[in-house]
Structures are given as structure tokens and as C-alpha cells.
Number of protein chains: 2
Amino acid sequence: MGDHGGAGGSRRRRTGSRPSSLGSGGPAAVAEEVRDSVASPDVGAGGDARALARDKNGDARVGSGPLELRCHRLQDSLFSSNSGFSNYRGILNWCVVMLILSNARLFLENLIKYGILVDPIQVVSLFLKDPYSWPAPCLVIVANVFVVAAFQVEKRLAVGTLTEQAGLLLHVANLVTILCFPASVALLVKSITPVGSLLALVAYTILFLKLISYRDVNLWCRQYRAKAKTASVGKKASGDSTQGTISYPDNLTYRDLYYFIFAPTLCYELNFPRSPRIRKRFLLRRLLEMLFFTQLQVALIQQWMVPTIQNSMKPFKDMDYSRIIERLLKLAVPNHLIWLIFFYWLFHSCMNAVAELMQFGDREFYRDWWNSESVGYFWQNWNIPVHKWCLRHFYKPLLQRGNSKWVARTGVFLASAFFHEYVLSIPLRMFRLWAFTAMMAQVPLAWIVGPFFQGNYGNAAVWLTLIIGQPMAVLMYVHDYYVLNYEPS
Amino acid sequence: MGDHGGAGGSRRRRTGSRPSSLGSGGPAAVAEEVRDSVASPDVGAGGDARALARDKNGDARVGSGPLELRCHRLQDSLFSSNSGFSNYRGILNWCVVMLILSNARLFLENLIKYGILVDPIQVVSLFLKDPYSWPAPCLVIVANVFVVAAFQVEKRLAVGTLTEQAGLLLHVANLVTILCFPASVALLVKSITPVGSLLALVAYTILFLKLISYRDVNLWCRQYRAKAKTASVGKKASGDSTQGTISYPDNLTYRDLYYFIFAPTLCYELNFPRSPRIRKRFLLRRLLEMLFFTQLQVALIQQWMVPTIQNSMKPFKDMDYSRIIERLLKLAVPNHLIWLIFFYWLFHSCMNAVAELMQFGDREFYRDWWNSESVGYFWQNWNIPVHKWCLRHFYKPLLQRGNSKWVARTGVFLASAFFHEYVLSIPLRMFRLWAFTAMMAQVPLAWIVGPFFQGNYGNAAVWLTLIIGQPMAVLMYVHDYYVLNYEPS
């Protein structure tokens, strides 16, 4: 109930943020007057000539006493809609402060409850069961075989010693093996850990997508070469002379292929845009970020997610729905924070570091998905390498073959759902289709969010599905894995 | 990892929010081209004449194959500072979603832990110990005696049957009694409850401030009348003739005084601005808000604050600091929400309802304190009735007597601290000076926040002190009250 009367410092700001539609000159001028007298302490209480002189408009109450007596004026409260006031800038700061405080409390509560659980050594056990057997790195090294195979096929196709049909057959065989070989190894070799197997499968998936792109682009080049030959033999000479760029058969070198394999993109191109030099300070910053965020992710998972997930097993078993929801919401916060850190770590730190090292020029690994107002916009903008690949090697070819946009779109989601299931089910050795369902659910979700939520509401809906959807899937998998492996049957 | 390729609906938006400082014409044009080909499914993979024709700038790679092969361009990631990107609009929505989710979880956890604790009947016991004795309402009714006393003194002063000195003496005696009488009743009468006693003391405090204002304004009117008489007797006639307004001695009626006593302001004025009519729908909305928010406050206090406070007693006794902080942060959320609701309930719903009923025109009961970037701005804008009173009857008179601004400001805080302590210590029957200290701490706090935190940081600092400071004071009082009343000594 106490107010302090000094009006010095913040007067300027208050005047700036005052409602502009108040009064019609008369009262506003009086208000200005009152505020002036507040600011200048020399104005006495016994009547002020200057104020009297100015008070010409409306009902002058000279008879009722000195102007000092007037301290009210006809006006609305700011929350009343006809006050015209709309400056709620402070609310954003309020949100930020409340968020930080609530999560500081959660973090402190967690520390009190569980003590410090962070243990970097423990992480090693995720990758290694038997220290004399390293199945996952071996798998990744073996992947080179498939790279060489694809290269040899392309080499023979370029000089014509292999027909297009035979080339296609060999490529398909190679690509199918890329998917089946690591899967069977992961399922059969007992010493492989789920995390090691997951990483190996992700590496093979990336290779699979890259080799499809490599094959497609080389095929397009051959088609173009054939067209150019038949159409205009004369024009060809001038086109080929562009200096510094590589044209079709010259690109078929191991050096070129391996550059593509390690480059942070899934789409092959004969002449990648290159950055002029390696910026050492930029690279160092990215490397430090990689190191720091890796530590942070491990610490958050160990300290925050694991205990929360462990606590969720009982409600899940008892099918206690209100507790399941409570656990889900509790898991949502650390899960979402870790996902955000993971996003930054992978798409900004890691990819930029690799690109800087390789002088790879195109750094658009993500677009502004945080502003997405529809589910579609999110999927098109959060993971640009995959989005670009899908567009170039899946969506557009499907459209070209006369499929409708709707079919092509669903096809993309189907493929994506397949790969999500592939890299999750095989390492965990259980087939539950949660990841597949989650990906396929994006199609109807886009229908729901699209027309019903627009603008900021659409954006909030996208955030909500991100924040809630992921921990749901995580809980599903962990629960099933727990039941399968640790439950006394 | 799945992306979907349809670029139809959200392309417009994406283009709108793209970084504007990318490229220098050349690459941007190519990007536009790529995006065009994304949008139009009729563009084939086997080369596109339109695209070739447009690609005139920079290194044209006609020889390296069809334009389709080019899908990368030299560009920075959005998070890199030299991308020039700054559209993080979605972050606000993220904050809101996260806030709602975290608090939904807290609420659900609370329900699971404690069940439903809301009990409107229990509230009655807060006001009533003995159903045959109503000390608090009796106290409030007795307050009329002081109103009548002040009126009689003013009446006699106006006609001159009382000297100014005698009037001042009588007023001071009356005002001192207004503070001492309810305090002694609250301390001596056993059947009064803390809540009842608190409300009675608040009513007496309001009356105290109002009667000071009444006395001051009437004094100023007499001084003005005396001045006007001696200075210019001739001019007086024209001034007095303003129709519809009341001039000095005519205002001394019970009707006028009681209008002021019930009006939602602490500053007396002879001619209050009046609203033209009672807007029935506006009044009804405010009354419904009053009803609803009262219920909500009671429910939140019973369901959320009381159990949290009860759980805080043990850590406080054990002096377990990390747990005390955890409890403090846990209490901060419901306490802050209840305070926000209380603010809206009192300053918007109740005061506007009363003002509407009384056709009181000045509805500025609060200003935009939520944007305050300094502690001073907050205190000057959140409670306008008190702020206005302090400015008119305390701060400015102090300045006029030659005190410095700094002294006057500290004086206002001292008075405010005294009244905070007065309405809290007496009902609780313990004198701990927590409220006094909290109010006085605002002076050094303003020094700290002022120069070190500016703009949004200052705003966040003000929010932080609000969110953290209040539950700290609440915990202090509750802890001491608990120890004093329920602890087995």
C-alpha cells in the first residue's frame, strides 16, 4: 500500500507508454499540468499562477479554490477496452522470469531428491559392452565397401561398359544391402549396445540417402549429355570451357565422392559452393560448442530425464492416467530442453564445424522453424539437408511420374516414418511402430492444425505438439523396453 | 528425420521471414529460382529451359549439366551473426506454451498429492470465531464516530468558531485515535480473528488517509479564501458564479463527506469528475468478476498455497537452506498468481464497480506498472490512489518545507512501511518487522536495480523482486506465527 512520490527518473517513460486516445485536449492538458507540478517541487500548494493561466478550456473552477485541489479527471482504467491501451511489453519479461524460476525450482528439487547423478564415465558403457569387441565402429568402417561398390558401378556406367538396366539393378542391390546388412548385424551380434547400434544405423541411413543422390545426379548428367549430343553438337564446345567447374565424367573420382560422403549435405552436386577459407576462430567456437553441449546433454539426461523416466514406470504399469499425464508433463520440460540443445548442437555446431573444415559453402542446415505456424512449415524448415533430399530425390520424381501432390507428400512421410522405425526398433530389438505411428500422425495433425489454428495460435500449437509429442514417444519406447528386458515375467 | 515436400501453403510466409541481407543479387536470384521450381511441380528433372535462360549472372555452369543439379549456394546459418537474421517471434509463443504446461503439471501434481482441498465453508471460520460476537464489523461501524468528529471540527473551522490551532489539535487527536483505537481492540478482544482484525485495520487506515486529505483540502480552501479576500475583493464575484460546481464552505455536508468516504480514492476534492450514467452491463461484468475472482483466490489459496506453506515449516525449522529455497520457489508461483488475480480483482473489478455505482469519473486506479523498468516506476504506478495521496499530502508538503527529494522519498517509504507493519503485526499479535523491513528495503533496492539493470533487464529485475520478495515475506510471517501459536514449547 505504500507508494513513493519521486517522479524524477521514470517520467519520460511513463509519458511514452501512456494511452494515446485519452481525453480530447482539455483533460489531457490538465493531466500534463498535474504531472508537471509533480516534477517541479517548487510549485506550491497555495495556488499556482501559471497553472491558473493555462486552465482556460472547459469549466474553469477558479471559484472552488486553487488548482491544487483538482487531482482527478474523467478517465477509464487501462484494462477497460475503451481506454485504447495496449502496451503489455512487460508480459514477455514476466514469462521469461517465471520460466527461469519454475525451472530453477525443478532443477533444485531434482538435486535435493536424487543428489548428483551426472557420471561421464557411465556414458562409455552405453557404447561398449565388451571392451575387446567394437562392433559399431567396425560396421561403420565396413560401410566403405558400399561406397566403393557404388563408385565402381557409376564408373562403368559412365564409359558405357554397363547398360543402364544392369546399373540400376546393381545400385538397387547395393542400396538394399546397405539397409539390410547393418540391421542383421545389429540383431545378431550380442556384444553391440543399443546406442552403438543406433549410431551405426543412422550412419548407414545417411549413406543410403547420399548414394541414392549420387546415383540420381550421375544418371541425370548422362541423360543431359545424351540430349546435348543429339540436339546440338556445335554448341557443346563453348559450354564445356567454363573454367574451374567440373563437368560430368570428370567428377567420378574417389576424392570427389568422399568429399560428398563427409560433407554436411545429402544432395550430391558436381560443383559444391565452397567458402573461400577456413575461419579458425569460427571453427574453434563451433568445436567448443560441440564439446560443451555434448557434456550438457549427457548431464541433463543423467540428472533429469533418467530419474523422471524411472519414476514413470509404476504409473504406467498401474495404468494410473492422471499420474501418467503428470509424469508426461514433468518429462516434457527436460526432454524439450535437451531436444533444443540437441538441435543447436547438431545443426549449428557440428554441421558448421564440419562444413568449415571442408570449406563447404552452403550453411543452410535449418530455417526459422521456431516461427512455424503450421506443421508442414515445421517439417520443411527444421532439417534442411533431409528436406532438400526428400524434395529433390523423392517428392519431385513422384510428381513427375504423375502422382498427385497429396500422394507424394504422404509418400515422403511414409519413407520418413520407415526410417525412424528402422533406426529405433532394430537397436532396441523390439517392433512397436511407435515412431512409425508418430511420423504418420503428422499427416492428420497437419490437417487439424492447419485450418483451425492460425498465426500465433498455429505457432503455439506446433510448439505444443513438439513439447508433448516427443516425451510421449520416449515414454512409450522406454516403457516397452523396460517391460521386455527388466520385468520378471 | 522425415521432411515433407509440399511447399504450397507456407511458402509465402517463409519468403516473408527470410533473412534479407543474404547474397548480393546473384545467389538470391538462383535461390528464388530453386524455390520456384519447388513450388511448380511441372518443372522436370531433365533440364528446364526457363531456368537456364534466367541463369545469366556469375559462373554459369551450362557444361556441368542441367540446372537441377545445383541445389546448394554459398550462405550462412541463421544463428551465425553475419546472417543478419533476427526473427525470433516464435519464442514468445514458446514461453507461453512452456509456462502453461509447467503450471498445468504443478496443478495436477498438487491435485494428486492432496486431493481437493477447496472448502468455501471453511472460509467463514477465518472471519468468525464466536458466531454471537462480531467484533470486526462492529469496529468498522464505530469508525463513523471519527468521520462525524472530523466533520464537526471542519464545520466549526469554516465558520471560525474554532481557531486553526485548536482545529489542528482536535484533528490530530481524532487521527491518532483512529489508529490506536482499532489496534487496541484487536489486541484486547479475544474473539476477533486475524483476518477480521486485518480487514478492520485496513478500513481504519483508509479512513485515516482520507480524513487527512479532507482536512488538508479544507485548510487549503480556507487559505485560498483568505488570500482571495485580501488580494482582490472585486474579482471574487465572477469566479464564484461558475454554475454546477461547489465552492468552499458549501462542500461541508455529510452527503459530500460520505461520498468521499465511499469513493475509490484517497484524495478529497470539492468537485469530483462524475461519469454521465451508470453503465449497467459494465457494472454487471465487474460484479461477476468480483464474485469469480474471489472464489478463485480462495480456491487457489486453499488448494495450492496452504499445503505448500505447511510443507515449508519443517525445512525452516531444520534450517535446511537448499530446501528452504526450493520451497520458496515452489511457493512463488501460486503466490504470484494469486497476487496478480488480487491486483485485477481489487484495482479493476472492485474499484471500477464501486466507481460505476457512485458515478465516480476518475478510473485511473493503476497505470502500466507491468512495463516498469525501475523499482520507483513500479511503486508510482501500481497503486494510484495511494500514490496520489502520498504525492499530494506527504511528498509535496515535505518538499515545500525545504526537505530534499531524497528525504521526502525516504519519508514516504517510512510511512508506507509503518502502515504495512501496522495492518500485519497487530492482527497476528506479533511484532517481527518483516513487512517494515521489506518496504524499507525498496529504497536500497531502487539504488541497485536503477543503475545496473536497464530496459528489459530492469523490467525483469522488477518482476523478479515481485515474484520472489512476496513469498519470502509470507513465509517469514507464517513461520513465526506457526512457531508462536502451534509449536509445543
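Placement of Cβ uses the backbone N, Cα and C atoms for every residue, glycine included.
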In TrEMBL, one of B:339-361, B:431-453 is tagged transmembrane segment. Which stretch would that be? B:431-453
If you draw a 10 Å sphere around the Cβ of B:His420 (active site), how many other Cβ atoms fall inside it, taking every protein chain shown into account? 21
Give the nonlocal contacts of the transmembrane segment (B:195-212) in its own chain as ranges (CB under 8 Å, at least six residues past its ends). 126-128, 135-136, 139-140, 143, 146-147, 150, 171, 174-175, 178-179, 181-183, 185-186, 260-261, 266, 268, 386, 389, 393, 419, 422-424, 426-427
Are there residues at least six beyond either end of the transmembrane segment (B:166-189) with Cβ under 8 Å to its Cβ atoms? List them, or say none. 135, 139, 142-143, 146, 149-150, 153-154, 156-157, 197, 200-201, 204-205, 207-208, 211-212, 215, 422, 426-427, 429
